[in-house]
Amino acid sequence: MNSNTIKTGIDRAPHRSLLKALGLTDRELSKPFIGVVNSFTELVPGHMHLRQVTEAVKAGIRENGGTPFEFSTIAVCDGIAMGHEGMHYSLASREIVADAIEVMAKGHQLDALVLIPSCDKVVPGMLMAAMRLNIPAIVVSGGPMLPGRFEGNPVTLSTVFEGVGQVHAGKKDEAWLHELEAKACPTCGSCAGMFTANSMNCLTEALGMALPGNGTIPAVYSERLVLAKETGYQVMELYRQDLKPRDIVTQSTLKNGVAVDMALGCSTNTILHLPAIANEGDIDWDLGKVNEVSEKTPQICKLAPASETPLAALHEAGGVSAVLKQLLDAGLIDGSTMTVSGVTMAERLKDAKVVDTEIIRPQSNPFSQRGGLRILFGNLAPEGAVIKQGALSSQDFVFEGSAKVFNGEVPAAEAIRNLEIKAGDVVVIRYEGPKGGPGMREMLGPTATLAGMGLDSDVALLTDGRFSGASRGLSIGHVSPEAALGGDIALLKDGDKIRIDIGKGRLEWIVSEEEREQRRQEFAAMAVKPDHLKPELRQGYLGRYAYFVQSASKGAALRRVKE
C-alpha cells in the first residue's frame with residue numbers, strides 16, 4: 001500500500017510518532033489510509049451539511065477495514081459569486097480544488113480517496129484530481145436542494161434571477177421579489193434544477209465514478225447518509241480490487257457521459273468540464289463528437305430551468321440509473337464500461353426502471369429528437385461555441401439580428417437593465433473568456449434579466465464567457481477563439497449582422513471577406529487592446545491562471561509545463 005512509505009520500517013519511526021500524535025493506534029496504522037476530501041464551508045448552501053455526510057463516509061470506511069483521514073478543500077458558490085468580480089474566480093477554483101487534493105494525497109501517500117463535493121466547480125475539480133492521481137477513488141456529493149414553493153408553483157434560484165428581470169421591466173414590484181427570495185432556496189443542497197452542480201453530479205454516475213443515486217437523492221433525505229456510508233464501505237472494495245479512475249473513465253465512458261448529458265438536458269458547463277477530466281486522463285477529446293452523440297440521442301428529460309420540474313422529481317422517477325437503462329436498451333451507451341460498484345454499467349443497471357414516464361419519457365416519445373446541447377461552428381466560432389438547445393422552443397430555431405457589442409459583462413448588464421436592448425438584437429459580450437476575463441465569468445444575470453423581461457426568444461446573447469446551468473433562451477457561450485486571443489468576436493461592431501442556425505449548427509457573422517480583413521488589420525494595429533479589467537485582477541492567482549489557461553474548446557484546462 002502507498003501508505004507503507006510513511007509508516008513501515010525503522011526509518012519511519014518519526015513519521016509514526018506524528019501519526020500517533022493524532023491518536024492513532026497500531027491497529028489503525030496497519031490499515032489502508034483513506035483520504036476523505038470534505039469541501040464543507042459555511043458560505044455555500046450546497047456544502048453547509050457536508051460534515052454530516054463526511055461522518056457517514058468515515059463510518060463506512062472503518063466498517064470495511066480502512067483508516068479514514070478527513071481533509072478539506074475550497075468551494076465557491078456560483079450564485080453568490082455571480083455578477084461581480086467574484087465570478088472571475090469560479091471556474092479558476094476548479095484547478096485549485098484539483099491541485100489541493102493532489103498535494104494532500106501525494107504529500108501523505110494516501111491509498112485511496114473518497115471525494116465529497118456538491119457544487120459547480122468542485123465536482124469536476126475532484127474528478128480531475130482522481131484522474132491525475134489514479135489511485136482508487138469514489139465520489140459522493142451532498143445532493144440537490146428541494147425546490148421552494150411560491151404562489152402555488154415550484155421555484156428555484158433561477159426563478160429569483162428571472163424575477164429581477166420582471167422587476168426591471170415593471171412587471172413585478174420589489175415586495176414581490178423580497179417574498180420570492182425568501183422561499184426559493186428552502187434547504188441545504190445544490191440548487192434544485194438541472195443546473196451545473198446537479199448536471200455534474202448526475203454525470204458522475206454516468207461516468208461510473210459514483211454509486212447509483214449520487215446525482216438525485218435530495219440533500220435532506222436520510223437516504224443520502226446511507227449512500228455516503230455505502231460509499232465509504234465501497235472505497236475499500238475498490239482498494240482491494242485495485243480498481244482505479246483510469247480503469248473506469250475511458251473514451252467509451254466519456255461518450256456515455258455525453259449521451260446522458262444530451263438525454264438529461266444538462267448545463268452547457270459540462271462541455272467545459274468533461275474535456276478537462278479527459279485531459280487529466282490523457283484521453284483525446286473532440287468537441288465535434290458532441291454533435292454526433294446529440295444527433296442520435298433524444299432528450300428524454302426536461303427539468304428546470306427548461307421547465308418547472310425540479311431535480312428531486314428525477315429521483316422519484318427512477319433517477320440517473322433509469323435514464324442510463326433507457327439509453328442502454330436503445331444501444332446509445334456502452335454497457336461494458338466499469339463502475340465503482342465493481343461491476344460493468346450493464347450489470348449495475350439490470351434492475352433499473354422508469355417509475356414516471358412524464359419525467360423520464362420513453363425513446364418513442366422524447367421531449368425532442370436531438371440532445372439538450374448543440375455545438376455551433378462558423379466564422380465567428382471556428383473552434384466551436386455551445387447552446388442549450390433543449391431549453392429553446394424549437395431545435396431548428398433560426399435567428400438573425402444586429403449586434404450590440406460590449407467589452408465585458410458589466411456594461412451589457414447595465415444596458416439590459418436600462419431597457420436599451422430590443423427584440424432582434426444580438427447582445428455580444430466579449431473579453432470574458434478563460435484568458436480575457438480571466439476566468440470565463442457566467443452571464444446568468446443578463447440572460448435571466450432578458451428572460452424575466454420576456455425577451456429570451458427575441459434577443460440572442462453571444463459571449464466568449466459562459467452561462468450558468470440556470471440560463472435559458474438564445475444564450476450562446478464558449479465562443480472560441482476568444483476575443484483576448486484575437487478571435488473574430490473581437491472584430492465585431494454595433495450593427496453587424498449575425499445569423500444563428502441551430503438546426504445546421506452554424507454561427508455566422510454576415511460580412512464580406514474584404515470588410516473582415518480590414519477589421520483584422522485595424523485590430524492588429526491597435527496599440528492597446530480593449531481590457532475592462534481592474535489591474536488587481538491580473539495579480540495573484542488570476543494572473544497565473546490567465547497565463548496558463550487554454551481555450552474553452554479544450555475545457556479551459558491549464559497548459560502543462562513542458563520539460
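Cβ atoms here come from the backbone N, Cα and C positions, even for glycine.
Predicted, not measured: the structure shown is a model, and the values here were computed from it.
Annotated features, as they stand in Swiss-Prot:
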ACT_SITE  S468  active site, proton acceptor
BINDING   D78, D120, K121, E442  Mg(2+) binding site
BINDING   C119, C191  [2Fe-2S] cluster binding site
MOD_RES   K121  N6-carboxylysine
For D78 (Mg(2+) binding site), the three-state class that DSSP assigns: helix
Three-state secondary structure, C191 ([2Fe-2S] cluster binding site) (per DSSP): coil
Neighbouring recorded positions, C-alpha within 10 angstroms of E442 (Mg(2+) binding site) - of C119, C191, S468: S468
From D78, K121, C191: binding-site residues whose CA lies within 10 A of S468 (active site, proton acceptor): D78
Set of same-chain residues at least 6 away whose C-beta sits under 8 angstroms from D78 (Mg(2+) binding site): M87, S90, C119, D120, K121, T196, E442, S468
Additional residues surrounding Mg(2+), by Cβ distance to the D78, D120, K121, E442 centre under 8 Å: V76, A81, S90, L91, C119, T196, A197, N269, S468
